[in-house]
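Take a look at the structure set out below.
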Amino acid sequence: MTTIDSPPQPGSVAAKRSRRRMRHRDTERGFSRVFRAIATGAGVLLLLVLAAVALFLVVRGWAALTASDEQLQATGGLPAGFTNLAEYIGPLIFGTLLAAILALALATPVAVGIALFVSHYAPRRLGGAVGFVIDLLAAIPSVVFGLWGVQTLAPVIAPVWRWIANALSLLPGVSVEYTPTGRALATTSVVLAIMILPIITAVSREVFKQTPRLHEEAALALGATRWEVVRTAVLPFGRSGVISAAMLGLGRALGETMAVLMILSPGLGYSLQIFAAGKHTTIAANIAANFPEASGLAVNTLIATGLALFVITLAVNMAARAIVARRKDFSGAN
């Protein structure tokens, strides 16, 4: 025989508990709605800010993008010696990409090595201390890196660039220039590599720490050495994370301004003479150097170069997401 529980009597303890539960549930639902609204608003606000920046660059750079070559030359929209906008922006894009790629090539292997040392080789205290020091590098202002680069690193590393240039010049048909001051793209790339090192290291370290313990123990059970565990379990698991970290570092290097402006002796051209002065500059450094004195169409031209940097940065981020997605799909399929 089934017993049907009677509803709690008004004023009883059970009724009071039921009302408290209902009030608590209503309060939680209210907080959930508020939190959802705040989170949605934050996401929409981020998209609006990105759209506002893109719109500003397009609107303010449109005058330079649509002006004729004669207008740009007659109104001072282009520096002396340039006849059209593409001729001016091209070397800036080339210098920006070359400096960032060199910095990434220098920083990524070192960052991955440090991340592996901290996460899998070093004792806990030593690993924590090394990680703390690396993280501190991210807090150093770029102007400090610029001062250090131009006052300390450039004079010290200039003999190294001279030796490399002389050695390469011994090859048939090869002539490598260098500057005795050390204020060349190679020095700038070294400083940029140090600046992006904390970003790549921090992300890679956290990714390596997430390697499933069972994968490492299985490799050890098969007689693998520590390096073989890293090579067969840790690195394959963290590959997509390392790529993401490298792309974050590349984005930082592409947009770096102050350190590049202080170290690099600027020039506009297409050249692979990375040890010579007056051969390269970057978009960000060029804007910072020329914007205070620019007027009229020259301002629109500089904003148009900023639009080019914005597009490059977006393209890099989209490419990184595509690469990471493909890696995840590949890993999941196997």
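Our numbering is plain: 1 for the first residue shown, then up by one each step along the chain.
Placement of Cβ uses the backbone N, Cα and C atoms for every residue, glycine included.
For 1-25, the entry in TrEMBL reads region 'Disordered'.
The annotation transmembrane segment is assigned in TrEMBL to 34-59 (among others).
According to TrEMBL, the transmembrane segment annotation covers 92-118 (among others).
TrEMBL lists 93-320 with the feature domain 'ABC transmembrane type-1'.
Long-range contacts of the transmembrane segment (130-150) within the same chain: residues 114, 117-118, 122, 183, 187-188, 190-191, 194-195, 197-199, 201-202, 205, 256-263, each at least 6 residues beyond the stretch ends and with a Cβ under 8 Å from a Cβ of the stretch. According to TrEMBL, the feature transmembrane segment maps to 130-150 (among others).
The transmembrane segment annotation in TrEMBL covers 184-203 (among others).
The list of residues near the transmembrane segment (257-277) in space but at least 6 beyond its ends in sequence, with Cβ under 8 angstroms from a Cβ of it, reads 79, 82, 88, 90-92, 94-95, 98-99, 102, 141-143, 145-147, 149-150, 154, 161-162, 164-165, 176-179, 181, 183-189, 191-192, 195, 284-289. Look at TrEMBL and you will find 257-277 (among others) tagged as transmembrane segment.
Here TrEMBL flags 297-320 (among others) as transmembrane segment.
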Report summary line: Sequence-distant residues near the transmembrane segment (297-320) by C-beta distance (under 8 Å, 6 or more away from its ends) are 53-54, 57-58, 60-65, 67, 71-72, 75-78, 85, 88-89, 92-93, 96-97, 243-244, 246-248, 250-251, 254-255, 283-284, 286-287, 290-291
Query raised in the report: Who are the chain neighbours of the transmembrane segment (34-59) in space, where the CB to CB distance is under 8 Å and they lie at least 6 residues beyond its ends?
Result: 303-304, 306-307, 310
